[in-house]
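K.L.:
The feature repeat 'HEAT 2' is assigned by Swiss-Prot to 96-136, with sequence analysis given as support. Residues annotated as repeat 'HEAT 3' in Swiss-Prot, with sequence analysis given as evidence: 146-183. As annotated by Swiss-Prot, repeat 'HEAT 4' applies to 184-221. Positions annotated as repeat 'HEAT 5' by Swiss-Prot: 261-298. For 302-339, the entry in Swiss-Prot reads repeat 'HEAT 6'. Sequence annotations record features per position, and here Swiss-Prot assigns repeat 'HEAT 7' to 341-378 based on sequence analysis. Among the features that Swiss-Prot reports, repeat 'HEAT 8' is placed at 380-416. Look at Swiss-Prot and you will find 644-681 tagged as repeat 'HEAT 10'. As annotated by Swiss-Prot, repeat 'HEAT 11' applies to 723-758. Positions annotated as repeat 'HEAT 12' by Swiss-Prot: 821-860. Under the heading repeat 'HEAT 13', Swiss-Prot lists 961-1000. What Swiss-Prot lists as repeat 'HEAT 14' is 1050-1088. Marked as region 'Disordered' by Swiss-Prot: 1155-1182, 1203-1262, 1279-1307, 1324-1353, 1423-1605. Residues annotated as motif 'Nuclear localization signal 1' in Swiss-Prot: 1226-1233. Sequence annotations record features per position, and here Swiss-Prot assigns compositional bias 'Basic residues' to 1425-1442, 1464-1476. Annotation comment: Swiss-Prot describes 1426-1433 as motif 'Nuclear localization signal 2', evidence class sequence analysis.
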C-alpha cells in the first residue's frame, strides 16, 4: 500500500534535515516533495499539517532556500509555492522568510522566456499557482515594493507571442491583483506599464505591449487619475518625467485603444499641440490623432470631438507636409468605416481642399475621395464626386491627368458592380460626359479622350450588351456641351476613316497612275487627317514616314481596321499584333497606336447597332416607352457619323417604320434620312415598297416625320430622289386644299425645295400663290385680347407660320442658293408682317397672333441673311432688330436666343446683336440677366474670332474687323426709329433711352469680361480709339437711306463720345488727324463739303453735346455690364445707403457724379437763400472739393506716419510729446462723438467666400491723431466759403480738375506726391498748417486693409525695367504698409501681358502683384542676376503696425493705456501702400527688427487701436489656430483666383468688389485758413476711384454739418 503524501513529506523532511551532500540527491528529494505537495488540497486538516511540518521547516533552511544552483532554486520555488497554496490564507512562515520565498518565486519567473526549455512547464505551474491563489497579495502586505516592481518588469520582459494562453492570462492576473489590491498605484509601476506602450517599437515585443494594455484596461478605474496626471505633466513639459524616455504620443495611442476614459483631460493638450508653431510637434500629433480616428469600430467620443474638429482644420495648415499627412490619415479613417457618423464632416473638409493652392494636395484629395468611393460606391455623395470631376479643369496638368485616371477607374468599378447585380451602387453615368468635356482642353484633346473611351472606360471583359446599356444611359444624360464634344469625336473619326480609305485606295493604284498627282492627293489627305491629332505638324511628318513603310502586314492590318465588318474583339487583337510588329522602340509606335484607335471601329461597331436595336425591341415589348427615345436618339447620332454600321440592320428598321409607336417611327425616319444612301441596296431587296411607305408618312405623319420622310426618300433612291420626289411633289401640290394635311404638306414642300429645286420650280408659282392668297390672307376670328396668353395663338396663325417657313426654305436650297430669283417678293411679305403683324395692314387678328407672326418673320430674316444679307433692305433689318419690342417676354427670349445661337455658330452677322439693345422694359435696357450674358458672350466670341477675320480681310481700316462694327448699325437704327428730330425736339428726356442703350453697349465693348473689367490697358488703348473713330466717321458721313436723319446720327455719336469719356475718365489721345474707318456703304456715305466752308464736316457742335445736357444723362441710373452707376436725384444719405446695400463700395467718381447731379437740381432753388454756418442735421449740399482735399490730406497724413515709423522725423521724445498732445486733444473731444457708420466687408475674391462671418459695424473707438493731422484738417475745414456763388464755382472747378478714374486692373488707390512734398518734415507741415484743436474718430470693419499709394517718388526708366520674368524663382521681400514690415516670398510666375508676378509667401499666402508698383527687395536670386526694385537702397525695415503702441525689443508696450484689438479674420486683398524707404535709416536696425517680428508674421490683424467684435465679444483663439484657419482659407480662394486668371483672364478691381474700409469721421473746430498748404495738397493729390464708401461717408459726415450754398 502506497504511503500518503503527508507521510512521504514527513520522511522527505527528515532527509532534507540531514542536508544531503550531493546536488543530485537534493534534486531527487525536492522533486518527490513537489509531487507530494501538489497532491495535497488547500487548507488540509491539522493532522496533515502536523505531518508535513518537518518538511516545511526543512525546506526553508538557509542552505536549501539560498542554494545557488538554478535547478535547486526552481524546485525549491515550486515547493514553497505549493506550500503557500496549501496553507492559504495563512502564511506558512514569518515575514522575513516569506520575503525570501517570494524573491525565489519571482526569480523563477525570469525563465519563462525559454519556451522550449525543460523547466518551462514547472515555471508555468508556479505561475499558475501564484495567479490562481492570489498569493502575490502577501507581497503587498510585506511591503515588498521592489519585488512587485520586479514582477512587473519580469513579466513584461519575458512575455512572448508563442506563450500559451494560460501563461499570458496568469501574468495578467498577477499584475492586475497587485495593482487592484494596492492602496495607491506606485508611480514606478505605472511607468513600467506605460514604457511598453507604443507602435512599431523594435525594443518592445507585441506580447509585452498587449499584456500592458490588458492590465491597464482591467485596472482603468484604479490607474486613470495617475495616467492622466502623467500625461498632463509630460505634455506640459514637467521635468519630473523628462528622464522617463516614454513617448506620451505612443502611450496615448494605446491608451485610446484600451482605456480611452483615461484620456479625458488630455484633449485640450492635444488640441494645443495641433496648433503648435513647431512643425515637428504638429506632424507628430497629427500622426497620432490620425491613427486614433482611423481605428476600426471606434466611435469618436464627446471628449475627443474637439480634437477631431481641430484635426480637420489642420487641412488648412500652412505647411504642405502637415496637410498631406492629414489626408493620408483621413483616407484610412474613411476606409475603416466609410459610413461613420463623421463622414459628412470629413468629406466637406476634403471638398474645401480641392481648391488648395498646392497641386500635390489637390491631387492627394482626389486620390483620397476616389479611393473611398471605389471601396464603397455609395459612401461619397454624387455632388462631391462631381466636385472632384471639376479638377479635370485644374490649372496643373498633374492634377487633371490624375483626376482623369481616377474617374475612369471609378467608372470601371461602377460597371463591374452593376454587372454583378448590385443595384444600390449609385449613379456614375455622368463621368463619361465630364471626360468628353476635356476634348476642348489643350492638355488632353481627342487623342487622350478617344483612347479612354475605346480602351479604358469599360472593364476589358465587359460584353457589348453591357456596354450598350451603359452607353444609352450615358448618352441620355449628356448636356449640350457634352453632346457637341461627342459629335466632334465621331465627326473626326468619320473624317479619318474616309481619308484613310481614300489613301489606301490611292496607294493600291499608285503604280498605274500619275505619281506627282497621286503624291499631291496623298499629302492633302495627310494634312486633313493631321488636324484631328493633338500635334498636327508632328503627325503630318509621321504620316510621311508611314507612307514609306514596306511591311505588307501593317497595311493589311490597317485595311482590316477600316472594315466596318471587323468585330471589336478582332479589331483589338489585330491592333495589338500591329504594335507588336513595330515594338515600342519604333518611332511610329505611339503614332500608330493612336491612329489605329482613331480609324478603327473600336468605339462603336455593328455589334453595337444590333444590340441597341435589340434593346429597343425589349423595351417596346416591356412597354417601357420612356426608354425607347434615348435608344432612337443614340441610333440617330450613329447614323449621322457611322452610317456603314447600319449595313445588315435593314430588317429591324423596316419593322420599326411600320410600328405604331411614334417615337420608333420618327427615330427610324431620321436613321434612314442619314444612312439611307449606305443601305439603299439592301432596303430595296427587303422591301420594294419602302418608298410608298415613306410617301404615305409624308402626307399623314406629323411635321417632323414628314421632314425626315422626305429626306429619307431622297436618300434611298439612286437619282437623289428626283423621280420619287417628282411624284410626291405633284401629289402634295394637289393636296394643298385639303386642310387635314396642310401642316405636313407645307413641311414637305419646303423640304423638297431645299433638296430638289428643279422639281420645286415646276409648280412653284402655284405653291407661292396658294400660300400668299389662301393662307397668309386668311382672317382670324375676333377674340378678347385681354384674356389671351402667349400660348393662345389660333390655328390660322399656326398655319400662316408654316406657310412662311415653306417660303423661306424655298430660298435656302442646299445647293446654288444664289441662283434663285424672286427673293424680293418674299422680303416684301416679311416686311409687312414685321410692320403690321399680318401680310396686310387691313387684316385683323389678335395681338397674340400678330406677335407670333412677327416673331416668325424675324426668325425668317435671320435665316435668310445667311445667303441673302446683301438683298435685305435696311428697313427690314431695322424692323428685325425691333423684334424684342414685342410685348410678350417669351417672344423676346426666343428671338434673342436665336440671335445668340446663330452668331455663335457663325451663320449670322454680328450686326444683328443690336437687337439686344431694343429689349426695353420700362426705363431699363436688357433687364434679363440671361440676355445680358448672351450679349456679353457674343462680344467675347467676336473678340476671339477677330484675328481670323483680320487675316481674311484686305481692308485694314474696315470696321467689320472688330466687334465694334455693330455700332454703325445701332446708330443708324436709333437715328431712324428711336431718335426724334434733333433740331426740333429739345426735350432731354426724349433722348434718355438712347443714352441708356449706348451706355450699355459701349460699356460691354470696353469691359468685355463678366466682372466688367478691361483685360489690360494695352487692349483698352486699342478698343477705345476704334470706337471713337467709328463715331467720328459717322459724324463725317451722310445717311444713305434718308439724309434728313444724318443729324440724328451725328447727335447720337456725340452721346457715344461723351459716354466713352465718362467710362475712360480721360480725353481720347488720338495722335494726328482722325482717319475715318470704312462704314457700311448701305448705311452711310461721305458727306459732301460745302464750298467756302472751312470747318470740318460733321464737327459742328450740337446742343446734345453741351456739358449741362451731358450732366443730366450722367445723373441717370445706368445699367451696364460692369456696374450700376449713378443714382438719380437722391439725397446724400440715400446715395450712401444704396451703395452699402449690396456689400460693395461706391467709387469716388460715381459719388462725385451724384453730387454733381444734385447740384444741378438744387442750385436754382438755393441762390437767394441765406444758409447758417453749420447744419447739424446734415441736409445741405456737400462741399465736394473740400471732401476731395481732405481725402488727399488723409493720404499725406498716412505718409507722415509712415515716415515717422521709419525713424525719420521724430526722436522718441518728440513722438512722446506729440502722443501726449494727441491724448489731450482726444480727451477734450470725447463728449462730441457721433454715430459710427458701418462698413460692408469685402471678400477676398468674387468666387471665394469665408465661412467665418464678422459684424458689419465695429464698436466706436477713439483714435489718436498726430498734431500735423489735426492742423491739416483744420486748414481744409476753415476754407469753406459761405457764398453760394463761390461754392458753386469751387465745385465746378473741382469737377473739371478731378476726374474719377475707372480702374482697369488695380486693387490699389493711387496718390501722386512730389518729392518735395515727401521731403517735408512733420514740424514744417505742422507750422504751415497752423494751430487748432481737432477731434478724430474712427471705426474699423472687422478686418484691416492694406492700402496702396503709388507714385511717392519718381523712378528712373532703368529702374522700371528691372522687374520682369527673370525674377521667377527668386526670393524677395515685399513691403506690407499696414503691418509696417516686409514679408518674404518666392516669385513663382510672371504674366508679361499683364505685367503681374505671382508671389508665394513663406506662410502659404499667394498674391498677384505688379512689382513695378510695389516696394520690394531681392533676397536670393537663385543664381540669377540680382535686380533692384523701385525703392531706395537704404530702406529700413524697422516698422510697427499702424495704430499699435510702440514696443521695446522685449515686446513690452511703452504706453500703459489699455486698448483692445480687432481680431483679424481671413486676410483679404488689401489696398497696396507703396512706400519708398528713407535713405538714412540704419539697415542693421531693420534687420534686427525683422528677426524679432518674423515670429509674429500673422499678427497683422490690426493697424488701428484694438476693438472687439460686435456680437462675438470674448471669443478667443490661439495664435496658431488663427494662423492656420486664415491661411488655409486663403489657400482655397487663391486657387479660385488663379483658375479665374487662367481660364477667364479676369482680375477683380476695387470698383467691382466690396472692401473693408476704415472710417475717419473727423470734425474740426476753430481752424485757421492756410491757402498755401491747401493749394499744395490740391496740386499734388489725385483722388482715386477706389476710395471706399466708408472713407467717403466720413468726409460727408464732416462736411454736411457745415453750410453749402
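A Cβ is built for glycine as well, from the same backbone N, Cα and C atoms used for every other residue.
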K.L.:
Per DSSP, what is the residue tally for the repeat 'HEAT 4' (184-221) in helix, strand and coil?
P.N.:
24 helix, 0 strand, 14 coil
K.L.:
What same-chain residues lie close to the repeat 'HEAT 3' (146-183): Cβ under 8 Å, and 6 or more beyond its ends?
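P.N.:
For the repeat 'HEAT 3' (146-183), the list is 99, 102-103, 106, 109-113, 115, 124, 127-128, 130-132, 134, 136-137, 139-140, 189, 192-193, 196, 205-208, 210-212, 214-215, 218-219, 222-223.
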K.L.:
Let me spell it out: take the repeat 'HEAT 2' (96-136), skip the flanking residues so only those 6+ beyond its ends count, and list any with a Cβ under 8 Å from a Cβ in it.
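P.N.:
Apart from its flanks, the repeat 'HEAT 2' (96-136) reaches 34, 38, 42, 60, 65-66, 71, 73-78, 80-82, 84-85, 88, 142, 144, 147, 150-151, 154-155, 157-158, 160, 162-164, 166-167, 169-171, 173-174, 177-178.
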K.L.:
For the repeat 'HEAT 8' (380-416), give me same-chain residues lying six or more residues beyond its boundaries with a C-beta closer than 8 angstroms to one of its C-beta atoms, as numbers and ranges.
P.N.:
338, 347, 350-351, 354, 359-360, 362-363, 365-367, 369-370, 372-374, 425-428, 430-432, 434-435, 437-438, 441, 443-444, 448, 452, 456-459, 462, 466, 470, 1538-1539, 1542-1543
K.L.:
Please indicate, using numbers and ranges, the residues of the same chain that are 6 or more beyond the repeat 'HEAT 12' (821-860) and have a C-beta under 8 Å from a C-beta there.
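P.N.:
For the repeat 'HEAT 12' (821-860), the list is 768, 772, 776-777, 779-780, 782-783, 785, 788-790, 792-794, 796-798, 800-801, 804-805, 807-808, 811, 868, 871-873, 875-876, 879-880, 883, 886-888, 891, 894-895, 898.
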K.L.:
In the repeat 'HEAT 11' (723-758), how many residues does DSSP put in helix, strand and coil?
P.N.:
28 helix, 0 strand, 8 coil
K.L.:
What is the pLDDT of the repeat 'HEAT 3' (146-183) when averaged and given as a whole number?
P.N.:
91
K.L.:
Using DSSP, tally how many residues of the repeat 'HEAT 5' (261-298) sit in helix, strand and coil.
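P.N.:
Breakdown, helix to coil: 26 helix, 0 strand, 12 coil.
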K.L.:
According to DSSP, how is the repeat 'HEAT 7' (341-378) divided among helix, strand and coil residues?
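P.N.:
Summed by class, the stretch gives 28 helix, 0 strand, 10 coil.
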